[in-house]
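First the structure, in the form of structure tokens, and then the observations on it.
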Amino acid sequence: MAAFFSFSSSLLPPSKPFFSSSPLNSQSIPFRKTPFLSPTTPLAALTSTAEAPPAIATFWEWLSERGVISGKTPVRPGMGAEGLGLVARRDIGRNEVVLEVPKKLWINPESVAGSEIGGICGGLKPWISVALFLIREKSKKERSDLKAYLDVLPETTDSTIFWSEKELVELQGTQLLSTTTGVKQYLQREFQRVEEEILEPNSQLFPSPVTLEDFTWAFGILRSRAFSRLRGENLVLIPLADLVNHSPDITTEDYAYEIKGGGLFSRDLLFSLRSPVSVKAGEQVLIQYDLNKSNAELALDYGFIESKADRNVYTLTLQISESDQFAGDKLDIAETNGLGETAEFDIILGYPLPAKLLPYLRLVALGGTDAFLLESIFSNTIWGHLELPVSRANEELVCRVVRDACKTALSGYQTTIEEDEKLMEGEGLSARLGIAVGVRAGEKKVLQQIDEFFKQREEELDEIEYYQERRLKDLGLVGEQGDIIFWE
């Protein structure tokens with residue numbers, strides 16, 4: 001029998017838009033940056049704006065001239081282990097507002113609409129219009145009002161979209177590699193379309209030719225720095241606020257930022273950033289980017305990963321085959337229960353399997369003498385039956401196919417978990433190699449966890465109670481010892 005499902009090799013289908021009129025994606029929050037400073041710059045180098053590189057000092061002056069910061073502002077730019085961020089100038093209390101940025105400094109689709117290129121960006125996806133705006137402002141050099149801000153933006157990050165082919169080899173076998181490849185292909189397709197329809201016919205609006213590298217840079221900036229899920233704002237860059245770094249130790253679900261009214265009669269909107277925890281003077285103000293992102297998503301969006309086990313996720317993609325003679329009936333059942341012809345399940349290291357995974361597996365594998373459950377008489381109850389083992393043949397097929405898929409997936413990696421862990425224990429790992437090793441080790445651990453679950457399931461097949469036995473019990477036809485009762 002052909003395999004009735006596959007393990008997804010990507011976290012997001014390459015064809016799925018990465019930005020739309022909705023938030024960047026369902027889990028996007030701000031960004032983690034790679035400091036624009038060189039790796040040789042000491043972490044303690046930025047102890048005040050007076051000691052900061054010229055770009056930071058100029059940026060701080062630019063903010064001061066626009067009334068965003070003053071001598072009373074409780075934070076300043078500074079360096080810490082997390083990189084360039086916001087450092088407390090005094091002790092800051094939990095949930096205390098640390099800065100407010102007026103709407104006039106925000107960069108969003110509305111800003112683009114009011115700019116010189118607004119007329120040619122009206123029909124574009126919001127993220128593309130903002131990307132083109134960033135590229136144009138950056139190419140204007142001295143003439144851009146945003147120069148001070150643009151000069152502090154990094155030229156690259158450790159996001160996997162910026163990795164070289166040699167660096168990407170370290171991700172061989174991972175879902176992150178396939179996702180990264182899909183993103184890069186998506187960017188190339190979008191750029192080609194924009195180049196033909198927007199850039200070439202309106203070249204006079206751009207000081208210099210726009211390249212795919214420029215387009216990728218802007219995408220990376222938005223992916224890592226844009227705020228979303230704000231009142232009326234699905235995609236917005238907030239200068240200064242986007243310096244705030246991420247902390248894995250902050251586990252609150254509450255967002256540390258919001259849009260609120262300011263000024264007379266609250267007519268002016270402000271982006272307000274709070275510290276979710278108390279901070280001592282000299283420490284960085286940090287927030288939680290998103291508790292739900294996997295390490296692969298963190299690596300793709302921000303260019304870092306965490307050591308927490310539950311950040312390691314592997315996505316299983318299951319599908320009802322079109323060639324299945326019961327495909328129509330199975331699809332109806334799946335859709336009735338909130339699933340579809342294809343269903344993705346995120347398996348998290350150290351966590352139980354998703355509740356709907358086993359029922360869906362049993363549904364896809366259903367056939368032979370078990371197909372009677374697909375009859376209309378069971379339409380309202382079949383999912384309840386699928387939540388429990390259907391038959392030995394069905395459960396055995398599920399276990400065998402899942403385990404075979406796990407072995408196939410594990411064979412695609414170049415290293416073992418033990419080899420990866422030895423690398424992580426050593427010294428001298430570059431940031432990007434550390435990400436690659438951490439992601440591939442995490443994926444393999446999840447695959448082993450899945451395999452171990454179904455291996456144990458296989459060993460218990462003779463002890464499991466199946467549908468027919470449960471049905472006989474319901475009818476009172478099975479005795480206390482499991483023997484079938486006969487009578488005339």
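Positions of Cβ are set from backbone N, Cα and C atoms, glycine also.
What TrEMBL lists as S-adenosyl-L-methionine binding site is Glu82, Gly83, Leu84, Arg225, Asn245, His246. With a 10 A radius on its CB, Gly83 (S-adenosyl-L-methionine binding site) counts 19 other CB atoms from all the protein chains.
The substrate binding site annotation in TrEMBL covers Arg225, Arg229, Asp242, Tyr257, Tyr289, Tyr302. Around the Cβ of Arg229 (substrate binding site), 15 further Cβ atoms fall within 10 Å across all displayed protein chains.
What TrEMBL lists as domain 'SET' is 66-290. Per-residue pLDDT, averaged over the domain 'SET' (66-290), rounds to 92.
The number of other Cβ atoms within 10 Å of the Cβ belonging to Glu82 (S-adenosyl-L-methionine binding site), over all protein chains shown, comes to 17. Here the Cβ of Tyr302 (substrate binding site) has 26 other Cβ atoms within 10 Å, regardless of which shown protein chain they belong to. Considering only the binding-site residues Glu82, Leu84, Asn245, the residue whose Cα is spatially closest to the Cα of Arg229 (substrate binding site) is Asn245. Summary: among the binding-site residues (Tyr257, Tyr289), the fewest other C-beta atoms within 10 A of the C-beta are counted at Tyr257.
Among the binding-site residues listed here, namely Tyr257, Tyr289, Tyr302, Tyr289 has its C-alpha nearest to that of His246 (S-adenosyl-L-methionine binding site).
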